[in-house]
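Look at TrEMBL and you will find THR12 tagged as active site, O-isoaspartyl threonine intermediate. If you look up TrEMBL, you'll see THR86 marked as active site. If you look up TrEMBL, you'll see SER55, THR86, ASP87 marked as substrate binding site. Annotated domain 'L-asparaginase N-terminal' per TrEMBL: 3-170, in sequence order. Taken from TrEMBL, the feature domain 'Asparaginase/glutaminase C-terminal' applies to 194-299.
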Amino acid sequence: MKRILCLYTGGTIGCLPTENGLAPAPGILSTPLQALAAGHALEVTLQEYPQLLDSSSMGPADWNRIGQDIAIQYDAFDGFVVLHGTDTLAYTAAALSFQLENLGKPVIVTGSQRPWLQDASDAPANVALALTAAASGIAGVRVAFGGKLLPGNGVRKVDADGDTAFDAPNWNGEWPAPRNSGDLRFTAIDPTSRVVGIKLYPGTSYDWLAQSLVEPLQGIVLETYGSGNLPDHAGLIAALEKQAAAGAIIVNCTQCLRGMVRQGRYASSSALARIGALPAEDMTPEAALVKLYCMLAKTGA
């Protein structure tokens, strides 16, 4: 019988109504989870975190905790399921995909749009898919949601309400061949890394933005227009150039749901190419931000 470790971090899946709205509640998922596991002939261990969080309150320290829990118990289980809120699930899935190197087992991240104990919840179907994937032996970090398995570092939340809340817009539908080349390695990131994400929009006060970039940063994910284009604003470009000269890694990431950055295709992206910005190509903003944290952890920057 396959042994699966299920980490419950919080989120809608385990929420109950309160006077302030839905909030994660302890001790309510064990019974339905074990009933579901029995139907799949799996031995499931539920590890419930002491402080259950709405995923909008989660950050890099929580990515570390989840990854470390998997790494510490890696040899004792055949697969892993992470029960997570949907709002920042894409960030956590991307983080695990970069932090867990030489991964030789399945790590499946899932959640739900409606609480498990609510009528017509999508939770049982999502968790059943996650358990099946975790028991499959197919290595890698994946998201199980809305009847689909998606790559952990390619997903985005695309629907605030519907059951098919996640998609991987740039994924070609093919899973890469497993590349396990040794023992599992876990990279802990530094939650205090000075990394920011900046999304440009028409009407941005570029003078204010340039002033906000005075303090030295370690990394910037810049969500630009189209194929990687930046407004022609001398103050903003000078501020970015100064950050790059001081050692900041600048990543040029498109705001578009599909397609990729082609830095230098238009003159409006030439300034970023000149200052050494890294084109994110078809990477999502979520994955680009998380990978930047991991790059800094590995280089000790």
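Cβ coordinates are placed from backbone N, Cα and C, and glycine is handled just like the others.
Note: THR12 (active site, O-isoaspartyl threonine intermediate) has non-local neighbours LEU22, GLY85, THR86, GLY111, SER112, GLN113, ARG114, PRO115, i.e. same-chain residues 6+ apart with C-beta under 8 A of its own C-beta. All protein chains shown were included, and the count of other CB atoms within 10 Å of the CB of THR86 (active site) stands at 21.
Classification of the residue listed as 'active site' by DSSP places it in coil, neither helical nor stranded. Cβ contacts within 10 Å of ASP87 (substrate binding site), excluding its own Cβ and spanning all protein chains shown: 18. Residue density at SER55 (substrate binding site): 22 other Cβ atoms are found within 10 A of its Cβ, drawing on all protein chains shown. Helix first, then strand, then coil: DSSP counts for the domain 'Asparaginase/glutaminase C-terminal' (194-299) stand at 42 helix, 21 strand, 43 coil. Each of GLY11, THR12, ASP54, SER56, HIS84, GLY85, THR88, LEU89, GLY111, LYS157 belongs to the same chain as SER55, THR86, ASP87, is absent from that list, and has a C-beta within 8 angstroms of the C-beta centroid marking the substrate site. Considering only the residues assigned to substrate binding, SER55, THR86, ASP87, the longest pairwise Cα distance works out to 7 Å.
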